[in-house]
Structures are given as structure tokens and as C-alpha cells.
Amino acid sequence: MPLSSEQQLELQTQLQQVVVACNERCLYFAANWSAELLNSFAKSEDGPTDDSEDTDIDDDTDAPPHGQYLNHDPKEARLEARELRRFFLAKSLFDCREFDRCAAVFLPTQVPHSTSSPQITSPNRVSFSSSQHKPLAQVRSNGKSVFGSQPAKPKASALPKNLSQKALFLALYARYMSGEKRKNEDSETILGPADGPVTANKGIPGILALLEEYFNARGGLQDITNSQGWLDYLYGIALLRTKSDASAKQWLLRSVNLQPYNWSAWLELASLVGSPEEMQQFSERLPRNIMSLFFHIHCSQELSQQTPEVFNALAQMESIFPRSAFLQQQKAMLHYHGRDHESALQIFDTLLKEQPYRLDGMEIFTTLASIASDVDKFRPETNCILGNYYSLISEHEKAVLHFRRALTLDRNFQAAWTLMGHEYIELKNTQAAIESYRRAVDTNRKDYRAWYGLGQGYEMLECHSYSLFYYQRAAALYPGDPKMWAAVGNAYAKCNKTANAIQAFKRALVVGSHIDTSSSFGSSAGNHDPLAHAVGGALDPQILYEIACLYEKDGAWDEAAAYMELTLAQEEGAGEEGVGEEEGLGVTQVTCRARLWLARFCYARGEWARTMELANELCQDGWEVEEAKGLVRDVRGRLALAEEEEVEG
């Protein structure tokens, strides 16, 4: 959907303004994302760059001055002008990572966070008595406290009068960042005793109390006339960190409707989307603008949804932003999740050539180790790339070391948690693997690899009901991978749920092959199995063998024999009917076990010719030779005895 020149100019103006607004509020990731988007329009429409521009700049222009965000609220504009000098000081302190000093510029507090106490009071003994903070008390029901070092009952600082929304946001965001900084310091080592949910951001309850007071004084959630959307975003992430997902969703939806170009708010909202159905529910309450399409693309990529609608949305966005690295990254990840690794690699290679210093989303690569190290050794992506490299050459201890370094730099870097879990599985450290996968799921509930890893960990501990639950979550998130359904089937089998296991294994076969079946398993016309004619290595012989064994366990001997025959059929080529030149899998250990099973089955039914054929093939293949020779001798003896009886008769 190409934009007109007026629409493009309006979009550029909005992006310019939001870059300035995000920078003013120290939301640097959102500012960076918007600035990249602003510079990704087609070159022909952008005109010459600043370096090649020779013409004079007109004095009269409608664009806002550089570094200035136009505030359309006269009252807010007057407040911002009055506190401008203090705002410059606060922002400078934030940029220097002096978060407490930054917050104190606008929200002075009597008790510094750093005040030490000779006797630390238990967090469970700290409570609030003020009736106006009831929702905050609910937040504290888990026993966490903001000021654990104070034996007296803490009291939220009163909101100063005549403070602009921009100043209040910066002060509260500085408090939030201060809490995150102390949380990381208190967490100490990765996977240590203080790491994880045990250590919380102690600044969040106070932030929630102040914002609750602020919004209650302005009409609450329903009244949007007095809000710019930034404080709504901050309230949403504070609620999200306290696991108040329902309330967080409401405030984040309100934020993206009021301030649609704040990409950080969209990302927090995306973390609450757990399925395509939930994404559809969200779409009904989203603003009707271009950012909703970006949100749809991002969520679809995280949910591994390779649908025509997603690629159509990508094509529409690329027609507007043909040089967008973000869109190229999303397309590459969609191909990667769809197991089209060649296309994904081509897109990433092109992106790397165009932007050689950009490491975002490159952590799945193993070939960029030297390049990433030269760009920045202290990026989480760099350490993930190095960890992947060492994992590839089976140096799992070194891989774990680099993944831990990545997490030391950013404890919310979800890919590192998942990859470190894989390495602990290889090292047979099941408990560490399970904890790593749990942290990955806490960070991103849509990562099917982490759910699958949890299933693996509990399977190694022989907790099959737990592993079944996690495998089901992985299969629900990524239904297009036969590996997920095979794991579900195996877990069902371990739980003695034979019928469910057979259905899951058959789903794995259909997903993993190119067979098109519109009917459910076992319900096609004539009661023929839709998989019955698959030959030439189209199906996984191991899964076929597992299905046959389950039928045997259930006493369905004919079905078991049919699937054993189907397992044997995977050795053959599919060129018999001129379908193609593909060859079968050839003789494997699984097909030999199926051949031995069929030989025994035919022997039990007195089918001596078929038994001899199968047993001789086993002798030629070199698998189970002794038992095959025994069957041959036995069958020959029975045939000789039958001939003697016929002669005597």
C-alpha cells in the first residue's frame, strides 16, 4: 500500500517527533527503533543525503526544530517550560546512570535508597497502613517490600503539585531503573541462590502507589483526556513486573492508543500475547494505524506463524520502508522458524552486508564469531554467537561460559537462557537445564524451544506427566514441527495413554511429510489410513515403528503389521510410478527391527514363504543375523516335515 507524498510527510513528521520524545524520556531503545524506521524510506523519495546537499536551506519550514517535541497541551507546555533547567539536570543525571539523583530532582525523598541499617527488617513485617493504598497492598501480598531496610512503615512520597507529565515520567522511570540496577546487583551470580524471582525490583511498589494516586486524581482508567500515554506505559510495565497481567494489558492498550509510536509499549504488550487467538483479541482494541501492522508482524514471528497474511503484511510494510532492517530481520526469522534456512541465511547475509555493525537478532548465527567480537565484545548477542560456535564444536563448557556472560550483561536476554539450557542438557546437568529453561519461559512465554527443553529435562528425570505438559505447550506454539508431536507421542506412551500416543505420532507423520489429508486420522473413506501408501522415505521410519509397537501393545495385530510394512516401505524409492527420482532411506536399524518383527509375525501365522523372504533379507543386511538364521532353519525344518507328511500320505 504505497503512501502518497502527503501521507509519507506526515508519517516522517510523526516519527521525528517520537524520536525526540523518546530521547527526552530516556527510552533509548524505542528512540533507536523509530530513528531506524525514519531512515528506511526509499532513497528516491528521501532525496540527497545531507553530505551531498548543496542547496541552501529555506528559513521557513513547517517541521519542528531539531531536538524539540511539540506539545499540543498548553498547560503541559507551560509546566515544561518552567521546569526546563531542572529537566536538563535530571536527564543528564539519568544519562550518567545516577538514577536516584535524577529521581530526586523532581521527587525528593527523605530516605535515600543507599542508607544502610545495622538490622535488616524481614520484608514480611513491612506493611502499609494508609487506606488510600489498598491496590498497592495487594501488590505486596507476595511478601516483597520496597524499603526492607526500614523498620518503620514506609510511606509513598506525595506527588508535587504542578509537575509536568514528562518530568514525572522521567523521575519515576529513574526510580524504576534504579530498582533494576539494585536487583541485578543483589542477584549476584547467574543461577545463584539470589538469582531469579527471589530478588525483586524494590522500587516498583512505590511507583505503583504514586501512579495510582496520579491516575485516580484524573478519572482513572476510563478518562484519557488528561494523559499523553507515557505514564500509562510506565504503569503498565510496573504492573507487568508484579504479574498483574490483566491490569497491565489494559494500561498498555491505553498507552498504545494514546501514544502509538512508542515501540517499547508495543513490545511489552506483545509479551502478553500467548497464542494467535489472543493476538486476534488484541487486534480489536488496537489503533488503526501502521504501528498495528508492525505489532502483528512481530507477534506472528514470535508465534512462528508463517501464514500468507503475515507475508502480505510484510510486503506492505516493505513497500513503505524498503530499507528497514527490522522488517528484514522479521522476514528472516519467519523463514528460520519455517525451516527454510537457506532463505533465512540469504536475508541475514544481505542485512549484514548493508549494516555490518548491527548485531540485533544475529544471535542464532555461528559463523559471525570473529565479526561480532570485532564489533563489540560486550554485547549479549556477541556472547551468544560465541556460545553457539563452541556448542557446534562440542565444547559445551565454553559455550555455557559465554551464555553466562551474555546473561551477566542482560539477564532478560531470553535466547541466552534457552541456549544455556541446551548446553546443560548436553552436560547432563538436568537441574541447571530446567532452571535455565524456566527463566527463558519467564522472559518469553512464546519460545517453543524453551518449553520443549523443559519437557526434555523432566523426561530425563522420568517425570513423564510433567514432560507431557511441557511438550504439549511446545507443540501448541509450534505445531508445524514433527519433532514436537513425536515428543508428545512418546510422553503419552510413557504415561500409558496408548490411543493418545498413536494420534500424536500420526500427527507428527502428517506434519513431517508432504501428504495432504483433510480428514482426521482413521476416518477417511473406506476406513483406509491416509498414511497407508506413503513410500520412498516420505515418512519417519522411527515414528512408524513406534506406532506399530503401540498397536502391538494394544493388541491390534493387523494395524501393527500394517505399520511395520509401512516402515519397510521407507527403504524403497518413490520412482516406481514416475513420481520422481527420489531414493528411499535404504536399510537402517529401525527397518531391520521392523523386518524381524514381521518375520516373527508371519512365522506365528504360518506364512512360511514370507517368513523365509524376510529372514533371508535380514541375513543379507547383516542385522539380527543369528535370530534370522534360526528362523530360516526352523522354517526349513517345518517345510521338510510337511513334505515328508505329504509323501507318506
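Cβ from N, Cα, C; glycine included.
Per TrEMBL, the features are:
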DOMAIN    10-332  domain 'Cdc23'
REGION    43-75  region 'Disordered'
COMPBIAS  47-62  compositional bias 'Acidic residues'
COMPBIAS  111-148  compositional bias 'Polar residues'
REGION    111-157  region 'Disordered'
REPEAT    380-413  repeat 'TPR'
REPEAT    414-447  repeat 'TPR'
REPEAT    482-515  repeat 'TPR'
Worksheet item: Can you tell me the mean pLDDT for the repeat 'TPR' (414-447)?
Response: 94
Worksheet entry | Residues from the same chain, set at least six apart from the ends of the repeat 'TPR' (414-447), whose C-beta lies under 8 A from its own | 191, 196-197, 271, 273-274, 302-303, 363-364, 380, 383-384, 387-388, 391, 396-397, 399-400, 403-404, 406-407, 453-454, 456-458, 460-461, 477
Worksheet item: Against which stretches of its own chain does the repeat 'TPR' (482-515) lie, if we need a Cβ under 8 Å and a gap of at least six residues from its ends?
Response: 448, 452, 455-456, 459, 464-465, 467-468, 471-472, 474-475, 521, 530-531, 534, 538-540, 543-544, 546-547, 550-551, 553-554
Worksheet entry | Three-state composition of the repeat 'TPR' (380-413), taking helix and strand from DSSP | 27 helix, 0 strand, 7 coil
Discussion item. I'd like the per-state residue tally for the repeat 'TPR' (414-447) from DSSP, helix first, then strand, then coil.
Written reply: 27 helix, 0 strand, 7 coil
Discussion item. For a three-state summary based on DSSP, what are the helix, strand and coil counts in the repeat 'TPR' (482-515)?
Written reply: 28 helix, 0 strand, 6 coil
